[in-house]
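Colleague: To start, I am sharing the structure in question, which I have written as structure tokens.
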């Protein structure tokens, strides 16, 4: 009593307290960062190593395995995968959430150092690492194009000047430059000319290496001067290399230009990048795991003018893709939804109270509670994201509930003739415990979410804390500011209502009277109501089991990512043509704004494409609908597949897959894995629950297997090293020398001119100089035959692995797909030597599925404990919790009606309903207990009176919560696919619970009262409890 009086009779102090809360919230709002979702990125580090010319199997056994054994000892590694292809190995380390990325990076470097002695001596450089997830979509893509400069020169500008500068920007984790390679002098040898001159490829290599030398020459010095010695020992351009004498034949000089074509070109000609059908260099920028995407993008944009000033005017630097506009648009949509929710909630209050003066009170309480929450969000290190803003939107209905309960009770006393200040004090005292019970029990719902681990726990923590803080501030405001404003603003008379609102008042009275009559009938037919309640419980269980489930709603971020997978024996020239063909098909799509792509490198048969769609306001279809239409057109392209998927804000794992979800096969028996993977993949491809089924196992690449005749080699004076050196010199794009320039280092690359390697007959033109100086053709001591060979070798942990990726067809959920995969694996009878498990997002979904029911039960148990403590009763909490089954049925039926799968967002809605719908029962039970204690009423009379007296606030609070969530259901635009499942769940649950709990709660109350009387020794205890 004194607590309430302290604020009611000191209006200045109460107003200033509310102003302080509001100002703190405004300050916090201005400092809060912006993000699409809470920070849920796993710390990921990528280790890269190269050994030019080495086969995938050689890279896996000699490079990947030693590194994996060393890296696997690092603490906190939750997953380690590797992929070895021609000349390169990449190892992805995913760490636990609580692992500091910088500390992990130090451990990675130490592990690399420890494994260095076990690595091949021919590696051109030590393994390196990057603090970025290669499977993440870039947050920004920059392109360089020019009509003047070559691709190699553009790549040089990008890698030498732009990439290092961008990498230094806060939040940037990795800048991957693609589309070409560094400039180089390429020596294309003519094998016939070499044979005619008696010059071996090793002779050419040695001559070039010896002619381009950078060594210190020392200095000359006398008594007064010092001269640094400088020579022309370096060759820098193709023109300088052409006249180089490499051999003397019969006294005549054989120059390099006589036996080779020397050009200024690039290190690796098997790379191509394009933007909108124009050759381009791509800078793909990825953020650090802990970085904020909006702040990082803004920082990059702020540096762009400076970057443009460092490159020639003839080079065009453009932003091809930027993830931030759709994120900003999505958050603007949520903010608009929040404003609409506030307006609708205040409108509900006005319609019920029919007084502008009374409506002002909750109209003040709601903004104070919501704005004050921003200060707590800032102190907790949160961000303004879709989930935290959705929490505030839903909180609109909650925070007004407290004010409504207090205001409505005070207004009831005023209408009875009580003076305003007395009515404020008396009304607040009567419902203070009710408001406290409603708020604490609602916050209790979120305690299991706060204790939940893993990615779901991190994802939902900001939502739960934000909503809990808003409810806490609302509780304070409703017990301080609201009664003070009621006492000083409201008058002791019935509200003067406008004529147009009298109809609503009469309708409300008629509705209350009708409810009273129906309630009397229900209280005389309690068994029927009990059967209905039991039926809702059973229906809940059936609906939950049968409803399709997924991890997170599929987002339309306006960005698509595509992986190209072609025949494993395809040439680079043909692959570049496929890239161009796919880009043309996509550019013809009206909804596409920009498309970039690249191919080449160590895996010639693969490529990547990044597609930016037009803003949602400029297209009528969702990203998934566009993918479905493009899928049919792309399927007509022979010899290659382009698998498209919408970029999501949540992606788990470090695998670079061509689809959204993965299923990984593991085995310690590589032969068994290679036998069963194609069978499993083909089986999964036939399932209607899956689309775009593909695999990273590529073991059917074309290989030419050379078989040496060692006896013949010994007789001819040739050793294996000389023969292998010949092949590397001829076909391996061998880097034989280094050209040093002020800004970078470039290579001299030697190979047989591609004009002479168009078919297998090129091997017949190769020869080795033996120990007697004679040219011995390769065909004299070797035979060759075509064979199959892997293009890549993949590991997970220390086991051989193969990952099958898939997307979901329209209308299918992740639960449908996972169940279908489990059935297929059982039908195939896969041996125990091959183990299958879901990976990435699909794995998190499986883990979440296992904990959902436990989470809901824990929330209900927590609410029961809190209510039991507040009411000092084992029974009354059960009465209050009896409202939940009807809400669950309504929520699940609504999801089914809208064809929305049960996702993590829908789970939030279920958890919220646990807190919302019990408010009705709390108001009924509180007033019924009060009537029994002080009104000497029977339990049936007490609960009947409580239901009628609290009918108006129950309707007000329910409609306020419903209208607060309704904009989420009706919202469109960016991010609506995240908001709608939450709104659908809440609105469906509220409608169903409102229809049933007005009748089931009094019946359950009387049932437990009779039960308590039956087992009680003192019947009066039922009244006094």
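Cβ from N, Cα, C; glycine included.
Taken from Swiss-Prot, the feature transmembrane segment covers 3-23, 333-353, 360-380, 387-407, 431-451, 463-483, 528-548, 853-873, 875-895, 897-917, 953-973, 984-1004.
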Colleague: Can you find at least 3 Cβ pairs under 8 Å between the transmembrane segment (853-873) and the transmembrane segment (431-451), where each pair is 6 or more residues apart in sequence?
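Modeller: Yes, since the transmembrane segment (853-873) and the transmembrane segment (431-451) share at least 3 Cβ pairs closer than 8 Å, they count as touching.
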Colleague: Can you name the far-off residues of the same chain, 6+ from the ends of the transmembrane segment (897-917), with a Cβ under 8 Å from a Cβ of it?
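Modeller: Here the qualifying positions are 394, 397-398, 441-446, 449, 456, 459-460, 463, 467, 544, 547-553, 811, 813-815, 848, 852, 855-856, 859-860, 863, 883-884, 886-888, 891, 961, 978, 980-986, 988-990, 993, 997.
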Colleague: Assess whether the transmembrane segment (953-973) lies in contact with the transmembrane segment (333-353), where contact requires at least three Cβ pairs under 8 Å among residues 6 or more apart in sequence.
Modeller: yes
Colleague: Excluding the flanking five residues on each side, which residues at least 6 beyond the ends of the transmembrane segment (984-1004) place their CB within less than 8 Å of a CB in that stretch?
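Modeller: Distant Cβ neighbours of the transmembrane segment (984-1004) are 394, 515, 518-519, 522-523, 526, 529-530, 532-533, 536, 878-880, 882-883, 886-895, 897-898, 900, 905-906, 908-910, 912-913, 916-917, 920-921, 924-925, 943-944, 947, 951, 954, 958, 961-962, 965-966, 968-969.
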Colleague: Determine which recorded stretch among 333-353, 431-451, 463-483 has the most C-beta pairs below 8 angstroms with the transmembrane segment (3-23).
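Modeller: Comparing 333-353, 431-451, 463-483 against the transmembrane segment (3-23), the winner is 463-483.
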Colleague: So which of 333-353, 387-407, 431-451, 528-548 is most in touch with the transmembrane segment (463-483), counting Cβ pairs under 8 Å?
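Modeller: Top-ranked stretch among 333-353, 387-407, 431-451, 528-548: 387-407.
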Colleague: So what's near the transmembrane segment (528-548) in sequence-distant terms, Cβ-Cβ under 8 Å and 6+ beyond its ends?
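Modeller: Contacts of the transmembrane segment (528-548) (Cβ under 8 Å, skipping residues fewer than 6 from its ends): 522, 812-813, 815-816, 853, 882, 885-886, 888-889, 892-893, 895-896, 901-902, 996, 999-1000, 1003-1004, 1007.
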